[in-house]
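Some features that TrEMBL has for this protein:
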| type | residues | note |
| --- | --- | --- |
| REPEAT | 116-148 | repeat 'ANK' |
| REPEAT | 151-183 | repeat 'ANK' |
| REPEAT | 184-216 | repeat 'ANK' |
| REPEAT | 217-249 | repeat 'ANK' |
| REPEAT | 250-282 | repeat 'ANK' |
| REPEAT | 283-309 | repeat 'ANK' |
| REPEAT | 316-348 | repeat 'ANK' |
Amino acid sequence: MLSIRNISGEEVVKVSQEDVDKLASAHRGAVRGVEQLLGPLLGHPSCRLKLLCGARVMRQDASFELPCELQVVVNDFCSATAEDVKRLVDASRENHAGQVEALLRRPQDPDLVDDHGKTALTMAAKDGALDTVKLLLDAKADVNKTTEDGIGASPFLFAVDAGHLAVVRLLVEMGADTDSATRSGETAIFRAAAKGHVAVVQLLLGMGADKDKATNNGRTPVFIAAAKGHVEVVELLLRMRADKDKANNEGATPVVTAAAEGHVEVVQLLLDMGADKEKAMNNGATPVLAAAGKGQVEVVQLLLAMDADRDKPMINGATPVFIAAVQGHVSVVRLLLESKADKDKAIKGLEQEGVVCSK
């Protein structure tokens, strides 16, 4: 039987030969295995524990014969320089598990930030370094510590942004705040939608993520996915009953932004799902006008085929034909005129702007 006592001489645990063998097999050595067993019992990560046989610190690869009595001590974190922190951050992001384990066993605080305000866990999560993420979590790295910079993102948000599904799952299992957001209000599902990570969006929806939560400037996950042209993400969100018409702070809806960017498939999907084809921005710009102003011929054609208003002006009176003409989008002007758009309003506006001469 193996008996482990603390520094006060109190017995912490007894371990049979059979259990020692199992621990050794599971953790690449008896000492490492016993330290893993002791971590939860003592409330400290195993990397801060040292086993003593008399006055001798037992190496990770050491073996011992039973019966045996060992002492466990909990070490304080060592003093770490900026270079020490950088070394741990770099090793973590590059997934160098052996180097990370050695640094953590100094023991070095895993939550110290580098010169960019980021922890080792943040960078490991960002780069999908699953092995070192596991080591850092075993070392009790703060799963919800945000970057000390202008962004304020957690390791979870970085993993989501990069689409590292296995890391995302692990961080959630270890207590990551799935509703955390950056300082600008970007949630995990927003970032996943922005990058087109369908599987991550699906996972987050399954965990109950708020599909309509907007950023500080009013952009929702549907809005950003529409703006980026991620049709699969838009479809997934809409089928989960996300708000298809929720506008940003400027009044732009998902249809308006998709139209302006020329994402025909997204516009078609939104319209098929019942999105409002006439809802205008705060300045009065409709989807037709937004598409016309950017020269998006196919989108204008689609909207006209769906009976969108071809003449609805902005608050300043500018019509789709006028905007397209001013921007030099000849094909759009021709398309609008062929669809019987009001050319007189456009000509009057162009005359007022001095683009054409009046008779």
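From the backbone N, Cα and C atoms, a Cβ is placed for every residue, glycine too.
Remote same-chain partners of the repeat 'ANK' (151-183), defined as residues 6 or more beyond its termini with a Cβ less than 8 Å from a stretch Cβ, comprise 119, 121-130, 133-134, 137, 143-145, 190-192, 194-195, 197, 199-200, 203-204, 207-210, 213, 215. Note on the repeat 'ANK' (217-249): its mean pLDDT in the predicted model is 98. Sequence-remote contacts of a segment are chain residues at least 6 beyond its ends whose Cβ falls under 8 Å from one of its Cβ atoms, and for the repeat 'ANK' (184-216) they are 151, 156-157, 160-163, 165, 168-169, 172, 178, 222-225, 228, 230, 232-233, 236-237, 240-243, 246, 248. Within the chain carrying the repeat 'ANK' (316-348), a Cβ under 8 angstroms from the stretch's Cβ atoms is held by residues 283-284, 286, 288-289, 291-297, 300-301, 304, 310, 355-356, all 6 or more beyond its ends. When DSSP labels each residue, the repeat 'ANK' (217-249) comes out as 17 helix, 0 strand, 16 coil, counted as helix, strand and coil in that order. With DSSP states grouped into helix (H, G, I), strand (E, B) and coil, the repeat 'ANK' (250-282) comes out at 17 helix, 0 strand, 16 coil.
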